[in-house]
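Colleague: In case it's useful when we look at the structure, here is the feature table from Swiss-Prot:
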BINDING   170, 171, 172, 173, 174, 175, 176, 177  ATP binding site
SITE      364  site 'Required for activity'
């Protein structure tokens, strides 16, 4: 069979194809690696790269362009960079660092790039958020007015925290800073608060322990853990808090309440110092770079209570900072104190004396939270701080005086019982009605008949007694948020009956 080829037809088909051809040109911004090491790469070329833009190396490692100099670009690596070689090519991606976000992140442990590290498979994501995004402006905010209960009597009564506040937790190592933060997360169960715990430069074993606590206590279902351990590259330790903030913002802008804990910002500052010094940026005080204040301020300003127009979502931040030998006047502590709305100061001396949580009530303050305290708490806790302050003065004086008058002795005895009342075991947060009952008992002298070592046992028994035999007391406090006369009468009855019962048992 002979095929008859028509040259005209073929010619017209070719002409048609040529007409329909769209020439495509892809312009890629390419550079060459000059030098690599210590998590830093110096790159020649990349002329049009932006500050903070992601760059991709031949082996797939991603970096962030931070130093844009006249003849080279300094990039920090998000990985070990062991397979990057001198002379290799680098491509500018045209993107700024962003992470996937969705509700599926709840209950998961992720790294600073929001990739899962808990071995439970990929996390489905619906959208992306920039890791660094600008904080809400003045018009987008409203003042803090709702309480965020931590479950710790000392904090909720005297250093209250409101939703949308930034409250610093500061103290030496091993003074229970993480315990205060994790107890606050445990206390959010059933409160419709999404929690984000960011672990920066911690031991992997410590992070695993915290995750286990959350899982055992049913707190992991409303919590996201972002972790970059001590062996992670400095770049990822520096990014982790911003990733946590981006995850919390996703929920905040969807009209939900969020709580974020940065544990701790001293390690983030150290990672940033390492990066800056390797990039040859000029060092400042304590060898930190000049913009270390901005590093923390732009992070903590993202915590806010949003306006009614934006749905009244909130993001409460509890940054943790470690001090050396109680020195609050070092560079990073003073910076973060000036950015936050108050601080909870944990003292090693109190911790070693068995007063836990080791909160130094004298120098801890909340500059916002008192506006967010419920009325019932304001009614009973007003006298508490004053009595404890007077007790601290008297105690110092009583060390030198031998014969004290009866009034002073009574005041000292009351102070010791109040201090006992503030002690709490770890992972045992108290509901607000239990706190109100506890403080009322102490401030009104109902503990004076007991020995100091009996106080803790009695209070546990009293709280159980109120919950079982006077359930309406808790209902009144929860529903009205006020310590009414009816509630007071119920509580007085419960204290009287419980004290009689307790003293009988002790005999």
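Cβ atoms are placed via backbone N, Cα and C, with glycine included.
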Colleague: Between residue 171 (ATP binding site) and residue 364 (site 'Required for activity'), find the distance joining the two CA atoms and give it rounded to the nearest Å.
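Modeller: Each residue's Cα considered, residue 171 (ATP binding site) and residue 364 (site 'Required for activity') end up 11 Å apart.
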Colleague: Using Cβ atoms only, which residues of the same chain lie under 8 Å from residue 170 (ATP binding site) while being at least 6 residues apart in sequence?
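Modeller: Expected: 177, 320, 321, 322, 323, 328, 333, 336, 337, 343, 344, 345, 346.
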Colleague: For the recorded positions 174, 175, 364, which Cβ has the most other Cβ atoms within 10 Å, all shown protein chains included?
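Modeller: Counting every other Cβ within 10 Å of each candidate, the maximum falls on 175.
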Colleague: Would you mind listing, in sequence order, the residues at least six apart from residue 176 (ATP binding site) in the same chain with a Cβ closer than 8 Å to its Cβ?
Modeller: 346, 351, 356, 357, 358, 426
Colleague: For each of the binding-site residues (173, 177), count the other CB atoms lying within 10 A of its CB, then report the residue with the highest count.
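Modeller: Buried the deepest by this measure is 177.
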Colleague: Count the other Cβ atoms sitting within 10 Å of the Cβ of residue 171 (ATP binding site), across every protein chain shown.
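Modeller: Looking across every protein chain shown, the total is 27.
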Colleague: I'm trying to understand the geometry here, so how far is the Cα atom of residue 172 (ATP binding site) from the Cα atom of residue 364 (site 'Required for activity'), in Å to the nearest whole number?
Modeller: 15
Colleague: Tell me the Cα distance separating residue 175 (ATP binding site) from residue 364 (site 'Required for activity'), rounded to the nearest angstrom.
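Modeller: Approximately 15 Å lies between the Cα of residue 364 (site 'Required for activity') and that of residue 175 (ATP binding site).
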Colleague: Which of the three DSSP states, helix, strand or coil, fits residue 177 (ATP binding site)?
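Modeller: Assignment for residue 177 (ATP binding site) reads helix.
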Colleague: Does DSSP give residue 364 (site 'Required for activity') helix, strand or coil?
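Modeller: Note: residue 364 (site 'Required for activity') is coil by DSSP, not helix or strand.
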Colleague: Taking 8 Å from the centroid of the Cβ atoms of 170, 171, 172, 173, 174, 175, 176, 177 as the cut-off, which other residues in that chain fall inside it around the ATP site?
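Modeller: Those within range, site residues removed, are 322, 323, 346, 348, 351, 358.
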